[in-house]
There are 2 protein chains.
Amino acid sequence: MLGIDPGLTRCGVGVVDVASDRSARLVHVGVVRSDPGEPIERRLATIAAGIRAVIDEHAPAVVAVERVFSQHNRQSVMGTAQASGIALLIAGERGLAAATHTPTEVKAAVTGYGAADKRQVQLMVARILRLDEIPQPADAADALALALCHAWRGGGQAATTGAQLTPAQRAWADAERLARR
Amino acid sequence: MLGIDPGLTRCGVGVVDVASDRSARLVHVGVVRSDPGEPIERRLATIAAGIRAVIDEHAPAVVAVERVFSQHNRQSVMGTAQASGIALLIAGERGLAAATHTPTEVKAAVTGYGAADKRQVQLMVARILRLDEIPQPADAADALALALCHAWRGGGQAATTGAQLTPAQRAWADAERLARR
């Protein structure tokens, strides 16, 4: 399970291995950085190359990306949205299932409490993965929280999107999607 | 010059050839569509494939993308931002110069009036390119307006970003960027 906390300056990437008993093991954690002094098209290419390298090395089955909201009215939101698009694009081009989760979903999944603060989430991530320290920087810990969230919400066994579904699963997911319209 | 009006459901793409006397010729205009019923990662992959196909066929030197703002507080803004990220990523990965322009810049460049309405812009695009009809749908005409805007603002001769610069041009652009901080 690959979790991605999208960002243009720092894009958190975390890979965890989650067993059927919900126990989890840290596989990889890091941050892909791009230089704010570079043109946007080269920054996005740097982020894309970093994400592809993680997928090449760790071959995750699913990619979970934090959902970005437009109500944060800051310039950086657009860069974050662009980085999230890149992460989802790469998943799509590799034929990997992808999913997005809101920060509230991630907090609730990891701490049991949707309004938990960032520090609580990071402490729980370290505890769940039996790490001596909180992964740094924060974007890296957030990426791990996303991966754990997705695995625990059933994403590991039954993702509702993506190319990893069996034909029967896909037919079921399509029927569900139509019913929701 | 490739102009892209980013969008998830309809992404306008327009290629124009602009001469040094500012006269312009239509090379290609179209819309890349993705199915709203598909998962986001596959929609973005469809948009990316469509943009790459246009670049493969027409080999533009520069890619101009409409700048997306977060103040439009609609769900679709995030999809638009993601699509713009994909367009810029592809430019970066192909080593093409890229630029973004605001809708106001595009309107001012094409009609001489930054508050022109969409219809006026479309009429001017058709007139500039000596077309009998306004290109349909609107996203396609907007993409052509972007390409014309970028060419006329000097983007064809002296793009300030991207891999097409000579080492001397790049050093100059870097110095300018530093001076602006």
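Placement of Cβ uses the backbone N, Cα and C atoms for every residue, glycine included.
All TrEMBL annotations are machine predictions without curation.
Per TrEMBL, the feature active site maps to B:Asp5 (among others). Sequence-distant contacts (6 or more apart, same chain, Cβ under 8 Å) of B:Asp5 (active site) comprise B:Cys11, B:Gly12, B:Val13, B:Gly14, B:Glu66, B:Asp139, B:Ala140, B:Asp142, B:Ala143, B:Leu146. The secondary structure of B:Asp5 (active site), as reduced to three states from DSSP, is extended strand.
According to TrEMBL, the feature active site maps to B:Glu66 (among others). Following the DSSP three-state reduction, the secondary structure of B:Glu66 (active site) is strand.
According to TrEMBL, the active site annotation covers B:Asp139 (among others). For the recorded site, B:Asp139 (active site), the DSSP three-state label reads helix. Residue density at B:Asp139 (active site): 24 other Cβ atoms are found within 10 A of its Cβ, drawing on all protein chains shown.
Residues or ranges marked as Mg(2+) 1 binding site by TrEMBL: B:Asp5, B:Asp139.
With a 10 A radius on its CB, B:Glu66 (active site) counts 26 other CB atoms from all the protein chains. Residues or ranges marked as Mg(2+) 2 binding site in TrEMBL: B:Glu66.
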